[in-house]
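Engineer: According to TrEMBL:
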{"type": "DOMAIN", "residues": "B:94-269", "note": "domain 'ABC transmembrane type-1'"}
{"type": "TRANSMEM", "residues": "B:6-23", "note": "transmembrane segment"}
{"type": "TRANSMEM", "residues": "B:30-52", "note": "transmembrane segment"}
{"type": "TRANSMEM", "residues": "B:88-106", "note": "transmembrane segment"}
{"type": "TRANSMEM", "residues": "B:118-140", "note": "transmembrane segment"}
{"type": "TRANSMEM", "residues": "B:146-167", "note": "transmembrane segment"}
{"type": "TRANSMEM", "residues": "B:198-222", "note": "transmembrane segment"}
{"type": "TRANSMEM", "residues": "B:242-264", "note": "transmembrane segment"}
Amino acid sequence: MTEASPTLAGRIMPVLTVLLAIVVIWYLAAVWMNAPWVRDQAARADAVLTTDDLVRQTLTLERPVLPAPHQVAAGLWDGITGQAITSKRSLVWHGWITLSATLAGFAIGTAAGILLAVGIVHNRAMDQSVMPWAVASQTVPILAIAPMVIVVMASAGVTGLLPKAIIAAWLSFFPVLVGMVKGLRTPDAMQLDLMHSWNASGSQRFWHLRLPNSLPYLFASLKVAIAAALVGTIVGELPAGATAGLGARLLSGSYYGQTVQIWAALFAAAILAAALVMLIGWIESLTLRRMGLAR
Amino acid sequence: MSALPIIAVWLGAWGLNAWLSRFDTRATRLAVALIFGATILILWEMIVRIHAVPPVILPAPSRIGASVAQNTAILWTDFVQTILKGALTGWLIGALAAIATAIAIDRSPFLQRGLLPIGNFVAALPIVGIAPILVMWFGFDWQSKAAVVVVMVFFPILVNMVAGLAATDPMQRDLMATWAAPYRASLWKLRLPAAMPFLFNGLKITTTLALIGAIVAEFFGSPTRGMGFRISTAVGRLDLPLVWAEILVAAIAGSLFYGIVALIEKKVTFWHPSQRRQRG
Amino acid sequence: QELTLQLKWVTQAQFAGYYVAKDKGFYEEEGLDVTILPGGPDIAPTQVLAGGGADVVVEWMPAALAAREKGLPLVNIAQPFKSSGMMLTCLKESGITDPATDFKGKTLGVWFSGNEYPFLSWMSQLGLSTEGGPDGVTVLKQGFNVDPLLQKQAACISTMTYNEYGQVLDAGIAEDDLVTFKYEDQGVATLEDGLYVLDSTLQDETKVADLVKFVRASMKGWKYAEENPQEAAQIVLDNDETGAQTLDHQVRMMTEIAKLTAGSDGTLDEADYQRTVDTLMAGGSDPVISAAPEGAFSHVVTEQAVQ
Amino acid sequence: MTVIEACDVSLTFQTADGPVHALKDVSLTIAPGDFVSFIGPSGCGKTTFLRTIAALETPTGGTLAVNGMTPEAARKARAYGYVFQAPGLYPWRTIAGNISLPLEIMGFSRSDRAQRIARVLDLVDLTGFGSKYPWQLSGGMQQRASIARALAFDADILLMDEPFGALDEIVRDRLNEALLDLWKKTGKTIGFVTHSIPEAVYLSTRIVVMSPRPGRITRVIDSPLPRDRPLEIRDTPEFIALAQQVREGLREGHSYD
Amino acid sequence: MTVIEACDVSLTFQTADGPVHALKDVSLTIAPGDFVSFIGPSGCGKTTFLRTIAALETPTGGTLAVNGMTPEAARKARAYGYVFQAPGLYPWRTIAGNISLPLEIMGFSRSDRAQRIARVLDLVDLTGFGSKYPWQLSGGMQQRASIARALAFDADILLMDEPFGALDEIVRDRLNEALLDLWKKTGKTIGFVTHSIPEAVYLSTRIVVMSPRPGRITRVIDSPLPRDRPLEIRDTPEFIALAQQVREGLREGHSYD
Ligand SMILES: Nc1ncnc2c1ncn2[C@@H]1O[C@H](COP(=O)(O)OP(=O)(O)OP(=O)(O)O)[C@@H](O)[C@H]1O
Ligand SMILES: Nc1ncnc2c1ncn2[C@@H]1O[C@H](COP(=O)(O)OP(=O)(O)OP(=O)(O)O)[C@@H](O)[C@H]1O
Ligand SMILES: Cc1ncc(C[n+]2csc(CCO)c2C)c(N)n1
Ligand SMILES: [Mg+2]
Ligand SMILES: [Mg+2]
């Protein structure tokens, strides 16, 4: 019943196939969604359009409704390699600014989430009081209070990376909290009874039973949390004066209707997130293998 | 020392809660949560008053309460527009689509291996980037908000559901094999029930995501109602009590939403170890 | 002397005067160290001011007066923008030619977050409800860009002469296909981009002295920018950290901005002020401000600055 | 005709620290109506062999036929019922629901199901516990429920992995008798793993003794006992002699003894 | 002095469909150095009683003292080692790591741990399997590992819930001998749940027979056998008579017999 883990090719082939399918659909969608504009323009100019013209024009618009994949790729490529990485037009530069705040926020959020979860599992007063309010905290629309957070912190003299990181932490602590509470509570009754029979102390129970038991949950949560931290940072970048970072890129692209720039920034952000998630996945498989949990 | 009464209230409330929590009945549990919340509100009010925080930065809870009472009609319209039309529809469509997709790709490891990494990638697309695009595609009204919510909740639920469908223990699967259970039977009778704890994990996390998505999407274009619209407009008018009133409604609605899903989870997954006190 | 200026919007030629003053060292000459904070869609400059995040803000007068009525004592200390750049841009195909008669039943895009006041005043003067319906107009909260017009989601959208209008043209729609209504021409123009501080700041002699230096240097920057649009645009570009702007765009914006700042030495024209107040108070059942404000502007700073 | 025909079956698990030879060159023929017990020290491959017959593991060598088909085909034909070493009940179903599950899958009618559930619950003395959830029962009760589940659908072959391990002697005797009864009446073919020598001798027509590292068959003992076996047969000299024979076979396999 | 003193202990589980009386008025006294076996039909409350002694369940009636303290205090003093009915090994630790865990928790030194692990692994014949993970072992091997774990830290009281249920007769005999040996050498007090009458008779100084619904003690049989018990003692008339006595006691409890 043991399933051989797929080879590298076995892992990449499916992804490529699905990707190919997506790109094809994307091209079709681009033609379809951009066509009305191209037709309107032709009508305004009293020109006649052949199908060939239509397709060519829909895929090369400067302000497409949906940019074609190659346009986004070109935008990305230009943003990443076309500039010195210290240039303000470089996606690497903006990516780095976003990344640093994301990591800081992720660290704060994860620490807060784990600490709260430990508190909830070990302290009944916390168990009964914190969780409903943690849920409530997540329903507060951060984009709405982000500007206030930034303003309040700025008036307290805190600027730069920290306000963004705090917004990122706000979003990322919740998945960690939920996952860790669940994880710390999974040990089955017999395993807990065993610990009980050895009169293990609370901290021993934690380190030897609850924590190892919760690791799979923790890693799953961390993956969600790091993506959330990235979103938080980007949200925090909007009102932070929209000066730098992928969020500012998105916004200014949006502001000037530069669809290609939006999509390039969007993809840069997603690539960053995917890379971070993969990094955590890698740490996870390493840890679980060392613990003998990966079968 | 102006901080002294604040600390005193905090400690007092904490002590009361620590004492109450020892009884652990339904009533005391509710009381503990309420006292915790009340403490935060009281501390908030005290801080705002003692330190004379300008109301355009942080209004006191009492003023927020007054604003709620004054603006019930507006709050209700916004609630219907954003939560019922935007968030709830989007969440339902997204969840159903994700569950259906998970089941559809469940049989094909090829599709799973191809789709999930890309799914993770799409899930990581920041909402602030997607929202303007979807508003451009689906128009200004709640449909575009629902679309944003669909995109936001789809992959978390999909990923959880796929993990859940795979989360049966070997002996349970072997049993199905010994009965030569056809695919549909093992899906309905084994994998779907076993996936429920995971599915609900996804559903719970996405309740809050749905709210955030619907509200944030309104920042990128909306009709002249909705919670996101009201918040951004009210900030511009420095009507901070109204902003917080909307936030309050969002928080209550979100907690209720989460609570209802958690309640259904309890009913559906009563058998799961995390839902019962079991024995060795 | 340190001083922080909060802009109303992102770094662009709309604020060229301040960037020029900083880059050309005009502030330094006055002994000032000025920090310029760019704004954004979710930044309410009035809130930043109240929170102590800035000493001076660039704000539109309707928002400032509304905030003042909310109890935040904003005072206009200078008005570099003489005229308004706001207008409503409509597609000709929507059949709108006269605001008084043709807006009924149409969908109009409007900016909110404190920028909706001039529009609301205008509509109430036209006697149009903004709640939709056949006898009113349907209002859309317009996002950041001109897409609603291009996608035909709205018959008209709000544009600034110096920015969004250009974007509509850039998108490939000819001027002939458009109809525009300037607020200035409709008699509902309100004052834009003024400099505001808190009342308490004006009570402090040394701060007033700093503000005088600041306004003087800023106006010097504005005049320099008017005369050297190319260079000003380049300076703005250098200060833009998002790297999203293009030189062409900024040069054109600078040229249009110069038309709005022309004829202002920074001193607020009380007639303009009165017109703004009248417009805002004429809001019918739902006026933006309910009573004529007192002490909403002060000439103290400009009087010394223009000497 | 043979029901199970194993020829040089081998199975090697690949583990991080080298291969584990769970089965090596195991050959065995089981005829219809045979009651075959597998006995051997812990870890000798009994479970693995039973799983191979059930097509839950694939041999890495040799050939194996069940009812003249591949084990896989036999599994698809629902040729057997299997009782695992651990109860393996579905926690979201009651005891009755668990027993009902294979019946639902195999398409038995509702009334037929109810009747069969009642019958097997009675057989394992769990009448009245049908509406309890698995975690509300003691270990032995869970094991009995899982036996009931495998009996409910009347497969021709029964594969049972230490089904009575967690039961006390009295219940065990009772269930032994019930099983023999069932076997005589229905002529099922039964593969039965046990650790108890008396149990093996009492029940089986053949006793297969296995030994570990690598797992292999060391003896196959045919029982001369008649098919009709009252419990008292355990005090006869034939029985005791047979038990002694099995014990010796077992001892041989214990290298450390 | 007594080690365990139970007086009218009762325990009722509240379930959705009414209360289950798992224990009713159970009174028992166990002296230091006693080897007490609990035997009784499945579901009669053996596990529950052992768990009550170990302070893993709280009686709903009666009094219970362990070493003159409350069970809770005795647990805190690490008075006992417990072997559960199922192995309950921690999947993220190797077999050696599992045995080491209670030792780490109780603060044994590294070298002491290594030595103890080697000793108990040898005792249960798992030498060489220390670095394997639980799921790489057969059911019986896992059960032996869990016994090794409970033995490693030498508590004065040993509570064992069907520890040898999943083992074959030979290993079982061997472990029975080893356990007796340990008991004689160390003078531990042992509470032992089993389903096997010969095992109970062979090991115990007292045999407690229980019966279900509600769970209660029906007989307490003191063994006249000497402490020194070669395996052959099982063929003596005293042994057989004793076994018969237990069987009768057991049969009484089986209402359906
Ligand atoms: N999945 C696996 N991976 C690695 N080794 C395995 C695996 N399953 C079983 N083994 C090994 O194969 C051998 C035979 O195991 P099996 O479970 O068949 O024994 P068994 O005879 O049923 O023992 P028991 O009576 O204790 O249940 C053992 O040495 C075991 O460690
Ligand atoms: N958590 C529980 N909830 C409800 N009933 C329970 C619970 N635990 C045990 N019981 C019931 O208590 C009774 C005694 O159970 P216990 O596990 O002590 O039996 P046992 O003698 O150990 O049986 P076995 O030999 O089968 O292990 C049983 O009828 C069982 O159904
Ligand atoms: C979301 C949003 N969109 C537009 C404006 C209006 N606005 C304020 S300053 C300025 C300059 C334009 O070049 C414009 C358009 C706003 N405040 N918020
Ligand atoms: Mg086995
Ligand atoms: Mg038990």
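In case you wondered, yes, glycine gets a Cβ from its N, Cα and C as well.
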Engineer: Which listed range (B:30-52, B:118-140, B:198-222, B:242-264) shows the maximal number of Cβ pairs under 8 Å with respect to the transmembrane segment (B:88-106)?
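Structural biologist: Looking only at B:30-52, B:118-140, B:198-222, B:242-264, the most contacts with the transmembrane segment (B:88-106) come from B:198-222.
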Engineer: Which of B:6-23, B:146-167, B:242-264 shares the most C-beta pairs under 8 angstroms with the transmembrane segment (B:198-222)?
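Structural biologist: That would be B:146-167.
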Engineer: Among B:6-23, B:30-52, B:118-140, B:242-264, point out the range having the most Cβ pairs under 8 angstroms from the transmembrane segment (B:146-167).
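Structural biologist: Comparing B:6-23, B:30-52, B:118-140, B:242-264: B:118-140 has the most Cβ pairs near the transmembrane segment (B:146-167).
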Engineer: Who are the long-range neighbours of the transmembrane segment (B:30-52) in its own chain, taking Cβ under 8 Å and residues 6 or more past its ends?
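Structural biologist: Residues packing against the transmembrane segment (B:30-52) from afar: 2, 5-6, 9-10, 13-14, 16-17, 20-21, 58-62.
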Engineer: Within the same chain, where does the transmembrane segment (B:118-140) have neighbours whose Cβ lies under 8 angstroms from its own Cβ atoms, ignoring anything closer than 6 residues to its ends? I mean 6 or more beyond.
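Structural biologist: Distal contacts: 147-148, 151-152, 154-156, 158-159, 212-213, 216-217, 219-223.
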